[in-house]
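This report refers to the structure that appears directly beneath it.
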């Protein structure tokens with residue numbers, strides 16, 4: 001996705017060989033026009049998959065996911081990383097380890113919004129080790145629903161997540177694929 | 001806003017005299033068409049205010065805020081409630097007490113996305129005691145920017161937030177105003 005590549009080149013800050021900071025348009029300040037285009041692009045890629053729900057995880061996944069769900073005409077659900085006061089019973093829980101934060105979170109989704117009939121599109125802002133995406137997929141599968149695909153805004157292809165998800169049989173579509181952040185520079189796959 | 005009132009009546013669950021659960025369309029599962037309408041309505045109300053930035057707080061504020069920022073044609077920023085690994089220096093911090101969770105969070109916004117020239121529209125999903133809105137307003141004012149208005153999806157008018165914000169001179173526009181949740185029933189102002 002050219003618009004997104006251009007944005008990464010213009011505004012992305014390479015903090016280390018592993019970490020790309022994109023807080024001017026994706027992780028803190030958000031560019032709404034770009035988010036709308038991201039939603040349109042995911043819809044082009046997954047539009048034939050008879051998606052019934054879009055599932056993401058708070059917080060940076062919410063904007064691309066709501067734009068995608070608007071285009072697809074289906075509801076969006078965001079998994080919580082922290083327990084909610086009004087979301088206690090009847091929940092689906094999975095443990096997700098964050099390599100970046102070096103901590104495990106229990107991510108939760110209310111049972112009442114997923115059923116075995118659902119075909120779910122998982123959306124997230126970044127894909128690195130794949131922990132969050134696998135956690136969301138396990139939540140979908142807990143209720144017998146299908147993961148119709150996984151849409152990622154920025155894939156760090158030098159980390160194992162995309163390979164592991166593909167190997168597990170999931171269709172992963174990443175809008176930008178980063179081959180390396182070495183020497184303080186972003187280089188893309190292809 | 002009639003669409004939103006209808007949704008609250010149809011799907012809102014009164015958990016207590018203080019707590020309304022709207023996790024089927026606003027706080028967990030989200031209705032993207034409703035969020036788009038919310039963005040359009042805030043734009044109708046604040047469109048003349050020469051807004052330059054929309055500011056909200058993770059997580060439930062993000063969807064209404066991104067839709068509003070898209071309509072207004074300006075960037076959106078979401079304040080974080082938890083410290084970010086890539087957001088450490090050069091940050092604006094305010095302490096916000098949550099009556100619901102009975103805990104204080106330090107909310108943070110990166111300095112580089114707000115300047116004294118900005119006219120900021122603050123958006124949040126709920127208004128109860130006003131702690132989050134006041135915290136966001138103090139962050140805006142720390143850099144000498146102006147709070148152009150505060151847009152709230154659901155105001156619990158029986159709690160003091162709206163009154164306190166008005167008294168402090170802020171223009172508050174709430175799309176739905178709830179007079180009472182007593183006896184397990186929602187009643188609206190007017």
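Cβ coordinates come from backbone N, Cα and C, glycine included.
From the candidate list B:156, B:167, the residue TrEMBL records in the xanthine site shared with B:20, B:27 is B:156. Within 10 Å of residue B:156 (xanthine binding site), counting C-alpha to C-alpha distances, fall the following of the binding-site residues B:128, B:129, B:131, B:132: B:128, B:129. In this structure the alpha carbons, written CA, of residue B:20 (xanthine binding site) and residue B:128 (5-phospho-alpha-D-ribose 1-diphosphate binding site) are 11 Å apart. When the alpha carbons of residue B:128 (5-phospho-alpha-D-ribose 1-diphosphate binding site) and residue B:27 (xanthine binding site) are compared, the span between them is 15 angstrom. Taking the mean position of the Cβ atoms of B:20, B:27, B:156 as the xanthine site, the remaining residues of that chain whose Cβ falls within 8 Å of it are B:12, B:19, B:21, B:22, B:26, B:125, B:126, B:128, B:154, B:178. The secondary structure of residue B:156 (xanthine binding site), as reduced to three states from DSSP, is extended strand. Fewest other C-beta atoms within 10 angstroms, among the binding-site residues B:27, B:129, are seen around B:129.
Residue B:129 (5-phospho-alpha-D-ribose 1-diphosphate binding site) carries neither a helix nor a strand DSSP state and counts as coil.
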